Amino acid sequence: MKKEGILNSELAKIADDLGHTDQVCIGDLGLPVPSGVKKIDLALTRGKPSFQEVLDIYLENILVEKVYLAEEIKENNPEQLAILLTKLSADVEIVFVSHETLKLMNHEVKAVVRTGENTPYSNIILQSGVAL
């Protein structure tokens with residue numbers, strides 16, 4: 001049994017299989033998951049686990065080169081955005097797109113990780129970097 005790192009077997013498998021430029025979405029309770037895209041449902045109850053808790057574990061284990069966020073988070077959830085931005089290293093490219101575009105982009109991700117987060121626009125697509 002693993003004693004550290006990502007313990008959820010589905011999420012660990014996705015993380016282990018990521019290649020350069022592969023993408024994973026971490027989303028809130030309400031984010032729709034397109035048909036055919038793997039859904040890893042971590043939600044236990046409203047707010048648990050939080051978006052930030054899941055993001056922390058992901059960032060500890062995966063090299064990220066680019067993230068996509070909904071433009072709407074700036075106006076509708078600035079607190080979440082401020083916390084999120086402190087966690088990204090300076091070399092991570094941040095791209096803002098419309099929420100509708102973000103949902104369309106989810107058709108191409110390796111998985112959508114559903115959290116218990118119940119605040120608006122708490123969704124991020126993380127693009128894997130390469131450790132060379």
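Yeah, the Cβs are placed from backbone N, Cα and C, and that goes for glycine too.
As given in Swiss-Prot:
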{"type": "ACT_SITE", "residues": "HIS20", "note": "active site, proton donor"}
{"type": "BINDING", "residues": "ASP28, HIS99, TYR121, SER122, ASN123", "note": "substrate binding site"}
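Binding residues for substrate (ASP28, HIS99, TYR121, SER122, ASN123) extend across at most 13 Å, taking the greatest CA-CA distance.
Cα of TYR121 (substrate binding site) to Cα of HIS20 (active site, proton donor): a span of 26 Å. ASP28 (substrate binding site) falls within neither a helix nor a strand when secondary structure is assigned with DSSP, and so counts as coil. Apart from ASP28, HIS99, TYR121, SER122, ASN123, the residues listed for substrate, the same chain places the Cβ atoms of GLY27, GLY30, LEU31, ALA70, GLU72, ILE73, ASN77, LEU102, GLU117, THR119, PRO120, ILE124 within 8 Å of the centroid of those Cβ atoms. Rounded to the nearest whole angstrom, the C-alpha distance between ASP28 (substrate binding site) and the residue listed as 'active site, proton donor' is 25.
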